[in-house]
């Protein structure tokens, strides 16, 4: 009986149909960016200080510049940055009093600047920002600053929970149904998040987006991998992720042009409704249909693909063998991920690799952000560095294989992190180049694991395997902010040393996985168990 890969060789492994499908799913990949990193722009925290009644009038009377006003009226103001006390406390004085000196107002009021009492902010804050963000609208500063962390943690918690449920749904009820449902829920939740009037409902709809968006993104990845022949899986996988990188560029440009978070949220959400049109042009995965013993429907999809590629299906491939039609349908189970020896090994190594990739990918961005640089330029650089990583993989994965470039990328990322940590700050540009090299290395790791993870699991278990393993990526996303910011208080470069250690360990573990270059996707548990032979 011919396999689906045999049939694809006849009707086109990467013809017009697959190219059209890849383009549509790349739009889905790019649309995932605002949920994954959008909080950086939605939650921008501008310079701010307590509002004190009378200060504006006094500043106008004295002819102060903004810098002079802040130096005279805000506790511990340091010009280019504000300490916690100056953000959250104010001088307890009457700025409307008569006879206040313009050269040293505090001395004229209290006689000694060091004895001026401080009070908490009672009348709100003043923000130095041309636009609005979650922080400025809901005053997520001082004692409420943790609410911004909660906002992002809800997204990662949603990713984590959704990875389990969406993966099961896609393997149990089909890729197409799952994909369309996640797109619809994500789009509706995104619009409602932009319209709700308070913080609580904003977090609720953000959590709902997290529950479905990552599962939908990975389902799209699995779907395109199942439509193409084995020789093109690497190319479509990297292209799908390049669309993710392109989404970074687009989001950065939109955030720069639209500095108001509600309008930005609507702008990046509304295009998702157009993705629902894929219902009429995107069929179900034939591999999934075959695994579910729905051979007649699988043959309809195969003929649809052949027609889209303008190829004629040979007579010898006009029907699939139906001897197993009445056999038991394979249903995915979480136990299948650990029941057999080889698949259990795949699962644990892939979980650790997803965790490592997430910690380094997000951690390096956060660590560079500690220097309080330009957020738009930082994101531009982080997006641009992903393109050479993709091109390197295009040239190596089908020539060398998956394992050795994957291990080398981990070693590059770990080595670059260690070098950056030990390099003195006086060598700024060399230190920055080393950090960018580490960023490129971990980007390569991310892209390789997205290619390899679907290749190691049988069809009926593939989506569940990808989403369960990648759930460790979300766990990494939850702990990374604490890992970076708390350890940096002990030693600024300590997070980089931790990154180096876990990445170097991962570089050794991935060599224990089977090489998948040129191999067909496994259809059964037995196929997956024999991949290492």
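Just so you know, glycine gets a Cβ as well, placed from its N, Cα and C.
Transmembrane segment is the annotation TrEMBL gives to one range among 123-142, 263-282, 283-302, 303-322, and that range is 263-282. Note on TrEMBL: of 349-373, 424-448, the range annotated with the feature transmembrane segment is 349-373. Taking pairs at least six residues apart, the transmembrane segment (236-257) and the transmembrane segment (379-397) share three or more Cβ pairs below 8 Å and count as touching. Remote same-chain residues near the transmembrane segment (177-197) are listed as 28, 34-35, 166, 169-170, 205-206, 208-209, 211-213, 215-216, 219-220, 223, 262-263, 265-266, 268-270, 272-273, 275-276, 278-279, 282, 463 (criterion: CB distance under 8 Å, separation of at least six residues from the stretch ends). Listed by sequence, the residues of this chain that lie at least six past the ends of the transmembrane segment (379-397) yet keep a Cβ under 8 A from its Cβ atoms are 37, 40, 234-235, 238, 241-242, 245-246, 248-249, 251-252, 365, 405, 436, 439-441, 443-444, 447-448, 451, 517. The listed stretches are 21-44, 203-224, 464-488, 494-513; of these, 494-513 has the most Cβ pairs under 8 Å to the transmembrane segment (404-422).
Three or more CB pairs closer than 8 A are found between the transmembrane segment (464-488) and the transmembrane segment (203-224), so contact between the two stretches is assigned (pairs 6 or more residues apart). Long-range Cβ contacts of the transmembrane segment (21-44) within its own chain (Cβ-Cβ under 8 Å, at least 6 residues beyond either end) map to 129, 131, 133-135, 140, 148, 151-152, 155, 179, 183, 186, 190, 209-210, 213-214, 216-217, 220-221, 223-224, 227, 236, 239-244, 246-248, 250-251, 255, 261, 264-265, 268-269, 271-272, 275, 278, 281-282, 375, 379.
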